[in-house]
Amino acid sequence: MLTAVKKACKHIVRAPDEDVPVVSPQDWARNFTRDPTQRATAYVTSLFPILGWITRYNFGWFSGDIIAGLTVGIVLVPQSMSYAQIATLPPEYGLYSSFVGVLVYCFFATSKDVSIGPVAVMSLTVAQIIRYINTSHPDKWGGPQIATTVAFVCGFIVLGIGLLRLGWLVEFIPAPAVSGFMTGSALNIVSGQLPGLMGISGFDTRAATYEVFINMLKGLPRTKLDAAFGITGLVSLYFIRWACDRLTRRYPSRARLFFFFSVFRNAFVIVVLTIASWLYCRSHVTNGKYPIKILQTVPSGFKHIGQPTIDPELVKALAPQLPVATIILFLEHIAISKSFGRVNGYKINPNQELIAIGVTNTIGTLFGAYPATGSFSRSALQSKSGVRSPASGLFSAIVVIVALYGLTPAFFWIPSAGLSAVIIHAVADLVASPKQVYSFWRVSPVEFVIWFASVLVTVFATIEDGIYTSVAASLALLLIRIARPRGQFLGRVTLHYTKESSSRDVYIPLKPNKFLMNSEVKVDPPSPGIVVYRFEESLLYPNSSLVNDAIVDYVKGHTKRGKDMTGVKASDRPWNDPGKNSNVEAEDNESKPLFHAVVLDFSAVSHIDTTGIQALIDTRMEVERWADRPIEFHFATVLSPWIRRALIAGGFGVRSNSGYTHFHEEIAPVTRYHDQYIADPEHAERVVDVVGRVVDPEAGMSSIQINTGSTRSSSDGTVQLVPNGSGLLMLPDTPFFHLDLESAVKAAEKELSPTPSILDAGSVKGPGDD
């Protein structure tokens, strides 16, 4: 009964009588169901990378971590308050984010170098979101509540992406797009901080970058005393860094000492400016107002610790802003962690890094923190300080705690212009250098255009538009590259070894690019009637029709038409055949070789879909209609079992005992036709014998279809690839799939060898016949 049902189902779906072994969905599923207990345990363990290194922690690591942690902490305190100023939040929120970031991250990190906390670009994004909400819902929610809600929702989204192991989505945004967005954002931040540096007010510093810069220039006559503190601080920061770099080159033996001098320049400048501000402001108070803008009261400790207030209505209002905030939250962090992993010789886990960011921001809302992610400047500092493990974050957290509980009275006198100087000095390093921009141009002019467009949109519009432009342009470029592949028709070049009396054939484009190889090398075309085509991209639905057109057009332009059209009347010609002068047409057709076989190099094809298979079927049907005879399709380097499965489903690679070997039903027809395999009545008269010889009884000739590529010939005339050991290298069920291009071409060329004339199919003997 079961056998009858299976037979009936096979008849309904027109399954072949003799199935060729192929990979199945069950094989794919077994990879995920094999040893589920061990896989589940490994998954849970991977969520806590600290378990992999904490048992090996030693004093050598401790000394490196404490130096790096304290160093980053000293830099983190002034930076975090400065970045809170960018986010239009009170300075203590920057300290909250810093503490939670460096503390929580060390338990989930796979990077020892990355330092999590407030960053400039994310802070600017938070400021724009707060402005957006206040504009659409005036005085309904405060800035801190909006910021913590953004941290909670975005953190939860990123955590989900990491838990679902979707970190590969980050790879869709290339480095030039990230650099362009970061450069535009840095310019936006610098322009927004220049008015604060000069003490100029009276206009919107959150407008487009060019508007802020123009208004700042117009407001120069209104410059206040703040400029003295701001400019002095900015110049001092750059001078200290320049001096330390110069002294390091001059006295290499003291490089470590000068490095730490340079590292502490932020803290040193803020301390000096704070002392100067205290000395001046305390004696120049007028009606309770100070002559310069200072931070004033900074609450001590964690004043906003507790369960966060997540208003569903606020989350709904934030929805349009969440995608860009989420992208920025993980984009910079993943780029930084991968970069330092490559530099320092270890590999990060992007999914686990997303989990670390998600957990950090979700837990951070309990302390009143706003969104935090990886900082490039502090990560570079931590790496250079000799960090040995993620535990360095614990020591940075201690520094932040000391600042929160012991230094807040001194924070009262920090001049805002000094913090603007720290911001400009830190953010300016995010601007791509001319050397880097030129390298984008040299490597890929198209990606340079994406970089330039990202910068322009970010500068003249908003950060949101800039990030969307970066992502959209990158995806568009990816689709264009898939849809417009650079396939090549190949020819043969014989290489002779100078020290050995041997040679080998290589296949290169018939028209080699002068920038790739010597243009004086002569490329011989394949044997007459053989077309060799190399794919340079996967065969998918966006590019399948282009590949089909390329192969068909080449075949029609370089091979003889099988049916003589010279005597065909105009009324009998196809409507799309304009026709030629009969003599010219005959002469042109006779000068071309008969078409015999197509060899397709699949070495660059990693995926193929249904539309791609249908395109190959269409190609086969069109070229056979042109040649008026069955055409062999040979495939080289099909190394994916799923590609092999798809090709077999399309009728490729296998030999059939049916007379309709080359006329299988279409895989994905737009309109269904009955009896599609008898598309041409003349072809229906051809039969195929058990050996695989295509026989035309009227012509009385046969052309042999060879099983595989050749390194050894057997007594029966078949050609086989035999590895070192017993058995064939390629599976015998698919004789038209070959290990490499050379064996595929040789197999196709075997058809060109003379064959005996026969009168009927029954006189042809196959392998093993007596």
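If you go along the chain as it appears here, the first residue is 1 and each next one adds 1.
Even glycines carry a Cβ here, placed using N, Cα and C.
In TrEMBL, annotation is done automatically, which means it is predicted and not curated.
Looking at the stretches 59-81, 473-495, 634-656, the one that TrEMBL records under the feature transmembrane segment is 59-81.
Taking TrEMBL as the reference, the stretch among 288-310, 748-770 described by the feature region 'Disordered' is residues 748-770.
The transmembrane segment annotation in TrEMBL falls on one of the ranges 314-333, 354-373, 414-433, namely 354-373. Sequence-distant contacts of the transmembrane segment (256-280), counting only residues of its own chain at least 6 positions beyond either end whose CB sits under 8 Å from a CB of the stretch, comprise 71, 74-75, 77-79, 229, 232-233, 236-237, 240-241, 244-245, 247-248, 291-292, 294, 381, 384-385, 410-411, 413-415, 418-419, 421-422, 425-426. For the transmembrane segment (354-373), the neighbouring stretch richest in Cβ pairs under 8 Å, chosen from 59-81, 146-168, 227-244, 385-405, is 146-168. Scored on C-beta pairs under 8 angstroms, the neighbour of the transmembrane segment (385-405) with the top count among 59-81, 116-134, 146-168, 227-244 is 59-81. Long-range neighbours of the transmembrane segment (146-168) within the same chain, counting only residues 6 or more positions beyond its ends whose Cβ lies under 8 Å from a Cβ of the stretch, are 87, 89, 93, 97, 126, 129-130, 133, 308, 310-311, 314-315, 318, 321-322, 325-326, 329-330, 334, 349-362, 364-365, 368-372. If one looks beyond the transmembrane segment (116-134) by at least 6 residues along the same chain, the residues whose Cβ comes under 8 Å of a Cβ in the stretch are 76, 79-80, 83-84, 86-89, 94, 97-98, 101-102, 105, 140-141, 143, 146-147, 150, 182, 185-186, 188-189, 192, 206, 314, 317-318, 321, 324-325, 328-329, 332-333, 356-357, 360, 370-376, 378, 393, 423, 426-427, 430, 462-464.
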